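Record features, source TrEMBL:
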DOMAIN    36-91  domain 'Acetyl-coenzyme A synthetase N-terminal'
DOMAIN    100-484  domain 'AMP-dependent synthetase/ligase'
BINDING   Arg201, Gly202, Gly203, Lys204, Thr321, Ser539  CoA binding site
BINDING   Gly401, Glu402, Pro403, Asp425, Thr426, Phe427, Trp428, Gln429, Thr430, Asp515, Arg531, Arg542  ATP binding site
DOMAIN    547-629  domain 'AMP-binding enzyme C-terminal'
BINDING   Val553, Val559  Mg(2+) binding site
MOD_RES   Lys629  N6-acetyllysine
Amino acid sequence: MSVSSSAVQSTLVENRVFEPSASTVAAARVSGMEAYHALCAEAERDYEGFWARLAREQLVWHKPFTQVLDESNKPFYKWFQDGELNASANCLDRHIGTPTEHKTAIIFEADDGTVTKVTYKELLAKVSQFANALKAMGVQKGDRVVIYMPMTIEGVVAMQACVRIGATHSVVFGGFSAKALQERIQDAGAVAVITANYQMRGGKELPLKAIVDEGLALGGCDSIKNVVVFQRTASPCNLVAGRDVLMHEVMAAQSSVCAPEMVGAEHPLFILYTSGSTGKPKGVQHSTGGYLLWARQTMDWTFDLQPNDVFWCTADIGWVTGHSYVAYGPLAAGATQIVFEGVPTFPHAGRFWQTIEKHRCTIFYTAPTAIRSLIKAAETDAKVHPKNWDLTSLRLLGSVGEPINPEAWMWYYRNIGGERCPVVDTFWQTETGGHMITPLPGATPLVPGSCTLPLPGISTAIVDEMGNDVANGQGGILVVKKPWPSMIRTIWGDPQRFKKSYFPEELKGYYLAGDGAVRSEDRGYFRITGRIDDVLNVSGHRMGTMEIESALVGKTDLVAEAAVVGRPDDLTGEAIVAFVVLKRPVPTGDEAKALATELRNWVAKEIGPIAKPKEIRFGENLPKTRSGKIMRRLLRSLAKGEAVTQDTSTLENPHILEQLAKSN
Ligand code: WTA
């Protein structure tokens, strides 16, 4: 495990500090650093008491818990175990009979700019109707349901309806391929798929249902009894008699009242597949009580949510950010939120800024990749520069998914936030359920490019490979020392892999995040320096190098061997570079270009377009040690176009370095 020295360097030189304004501090829920330290001290003094207090304050329990943390079977921690609740009741029913029931829950901004709004009361009715429809289909408590849907009100309804009846959902991002979908359906043993006929992206109608059909036809999905289709567009799609039903039709037949199914706090709320360091994606399993507590609590702490806020998280429901900060957190907090169907560049690259103005958005939460691409667009076309729109409604900005470089942070702070809005750079992961390290807007002095300090109760630290703390200023491995309520419970169907991946023995039982980090010497602020495993972060999306490699070698008529590495990219953070050995002589010129295109399309079909290598280089072999191990560090240098400075004396075949150094 190594930590990039360039990232360490930039921590040392970054010395701009932005203190929150006196008025922001005065108005904030966690007001000033003393308030932050007081919360941390409370957790330090009485860890279980601290979490129990939050869980009682933030959630509605059907049956109160008496136990807080059960550590009897480490690392399979249990929280609030004997308590009972329902997540959907905590997001919807709790607001009924309060002024929030008539408040807008979702402002849906469609790809073409059409706006649809639903209040909390209306959303509850829809969710209940659909929950009844699922029950009528035979979906039961504990069943898994795969959701493969676009960003729509119905996508949120589908998630909420599942958890209302105690079914565990597994949302698969609409950009994943038929094969990736099939693998997830099979691994989860799902009984139903909820999808849409098409999705709208950038003015184009893209099929979803056809991909579901293709995935199911690949086999191994006998557990699927029904496919429910939301008709997003008027275009017809294939419906298999006896299996496929239309969402609006099955809903129309049902009552809009459905009693929520109460479940134990540890009941699996959802499974979300993410990339790890082997070829097979991991089904990250989250609990109901602990997960929901943190989704709700971080709305108060990180976003300092106020009753009149218009919250907008741009993440898709196919990723964890879209779970915690679209489908659960904002609803549990009774917020009004924008759900956006489209892409940031359609019909023009000012769409985000225009949408903020249109709906008077106050809290905007997006990914550095989006910011970087919109900076580029604004610099090349004055018509899409944010200054063309009134962004004065904004009071808080957020960033998530990948490290934000200080230049992008400054642009965001100045041009979008008008030097008035704090920027919360939130570090977290699919596995952590919610924010871990982030500034608090009314307390933490901001340093561009730093996610600053852990939230109260979160015991992140930086250690060496033996689990010993390292000094500030020294890079190391990011860990979390104590269990926390919203942590991953297990990998679905693979508890051994869960233990091995996240709690390696040499790390003293700490949770291993998989990222490198360094704390600044002056403030102890954290800066994430990137993954230390074989996981890449491309445009904020996690991609396993092994996953892409196994897709490539799956093209058995063409590929003999493949190795995939990441290379820094100004726009996407990291870019995927694949080194490929073909079962034929090394191609050149047009032939190489054509084969590279063929392989890129193959990967898109196997995994999804997000996994397409940016570059493919061909060679007659890969650089290997005499024992046959691929020298990945060397490939990383080659991908970056750097001179190879590593020791190549153990390399069996040095001449191929020259071959692989060249782009096609
Ligand atoms: C990276 C997304 C730096 C990190 C919520 C982590 C970040 C992985 C940040 C998790 C941030 C996320 N600064 N890096 N603010 N946020 N990451 O599971 O490498 O899709 O391990 O969860 O993204 O990605 P995931």
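Here the Cβ of each residue, glycine as well, is placed from N, Cα and C on the backbone.
Sequence features, as recorded in TrEMBL, placed on the structure.
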residue : record              : contacts (Cβ under 8 Å, 6+ apart)
Gly202  : CoA binding site    : Asp111, Gly342, Val343, Thr345, Phe346
Gly203  : CoA binding site    : Asp111, Asp112, Phe346, Pro347
Lys204  : CoA binding site    : none
Gly401  : ATP binding site    : Ala315, Thr321, Ala367, Pro368, Thr369, Asn537, Gly540, His541
Thr426  : ATP binding site    : Thr302, Tyr365, Gly398, Ser399, Val400, His435, Ile437, Thr438, Cys451
Thr430  : ATP binding site    : Leu272, Thr274, Val284, Trp319, Val320, Ile488, Arg542
Arg531  : ATP binding site    : Gly514, Asp515, Gly516, Asn537
Ser539  : CoA binding site    : Ala367, Thr369, Glu402, Thr572, Gly573, Ile610
Val559  : Mg(2+) binding site : Leu552, Val553, Val580, Val581, Leu582, Lys583, Leu599
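Less than 6 Å separates the Cβ from ligand 1 in the case of none of the recorded positions Arg201, Gly202, Gly203, Ser539, Val553, Lys629. In this view, Thr321 (CoA binding site) is surrounded by 25 other Cβ atoms within 10 Å of its Cβ, with every protein chain counted. A gap of 26 Å separates the Cα atoms of Pro403 (ATP binding site) and Arg201 (CoA binding site).
Counted over every protein chain shown, other Cβ atoms within 10 Å are most numerous around Arg201 among the recorded positions Arg201, Lys629. Cα to Cα, Trp428 (ATP binding site) and Arg201 (CoA binding site) are separated by 27 Å. Mapped onto DSSP helix, strand and coil, the domain 'Acetyl-coenzyme A synthetase N-terminal' (36-91) counts 27 helix, 7 strand, 22 coil. Neighbour density at the Cβ, taken as the number of other Cβ atoms within 10 Å, is lowest among the binding-site residues Pro403, Trp428, Val553 for Val553. According to DSSP, the residue listed as 'N6-acetyllysine' is assigned to coil rather than to any helix or strand.
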